[in-house]
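Below is one structure, written out as structure tokens, with a few remarks after it.
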Amino acid sequence: MGVIPEVTLSSGHAMPLVGLGTASYPPATPEAFRTVMMEAIALGYRHFDTASVYGTEQRLGEAVADAIGQGLVKREELFITSKLWCTDAHADRVVAALRQSLRTLQLEYLDLYLVHWPISLKPGDPKFPINKDDFLPIDLKAVWEAMEECQRAGLTKSIGVSNFSCKKLEQLLSTASIPPAVNQVEMNPIWQQKKLLDYVKNKGIKLCAYSPLGSTGTPWGTNVVMECDVLKQIALTKGKSVPQVSLKWLHQHGVGVIVKSFRKERLKENIDIFDWELTAEELQKISQIPQSRGPAGDSFVSANGPYKSLEELWDGEI
């Protein structure tokens, strides 16, 4: 397979534009997880996405250590992302949380560390469903200062956020010394994030899309991307698959993507998107697809919490 293109982040470091996600439902067996990571590295994947709350940091770290030990790849060739969970989204817990992730991953540094949600929960082990009494207002300025400390200390090369609206990015940028390099959000042809995409263009922030295919097959996902007639017709015309058309649409908008698959053929297909283009007419057709957000974030809405409605959580971007 060909080399996956990279984009230079505001931190000066390069991020591969296709990454492999490690959150899966149901969770993969240890052997299946290791096998897919090895296959992905052999195919050319270098960007791997995890989070403390996924429970996959240890397995990813073991797979990376195996791949490096076998000479398949060097650490400096990899791009590893993890995320700060809400229970650690407190100024005095950020550095310790990152250090714990590094121990679990068996790494000396991350390439990207993200604030997972613009929310704080009472410190402690993650609980699902989230206890509605555990919500706390996030001190974004203080949490971000601690994230900046992580980057300055060399614990991570870049820092960013996830699930941030334009308004929340604006709030963060008003006090940040180091701007977020990335905002990882739900994005696909059915939820195109046009306002956010336009906003970040002039802010030096790169978008990275999760659920680029709608997370079909998971409790939080939908089939709307895979069943979209517009995408099906374009795929048929071009001799491509619907996933390839969706991923290509994101790529042509300069957006990174986090894909997930435990099938080798799908791993290949998901990176076979760089030697062809969607036409202006096809892009126009996709731009007219009716929009609907996928996993809306209802778990983070509470009458007693900082966000009492989805409107408040997403600042109207719903």
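Even glycines carry a Cβ here, placed using N, Cα and C.
Per TrEMBL, the features are as follows:
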DOMAIN    19-289  domain 'NADP-dependent oxidoreductase'
ACT_SITE  Tyr54  active site, proton donor
SITE      Lys83  site 'Lowers pKa of active site Tyr'
BINDING   His116  substrate binding site
Just to verify a number: CA distance, Lys83 (site 'Lowers pKa of active site Tyr') to His116 (substrate binding site), in angstrom, no decimals. 5
Between His116 (substrate binding site) and Tyr54 (active site, proton donor), how far is it from one CA atom to the other, in Å? 11
With the fewest other Cβ atoms within 10 Å, the residue among the recorded positions Lys83, His116 is His116
Tell me, what is the mean pLDDT of the domain 'NADP-dependent oxidoreductase' (19-289)? 95
Which residues, sitting 6 or more apart from Tyr54 (active site, proton donor) on the same chain, put a CB under 8 Å from its CB? Thr22, Ala23
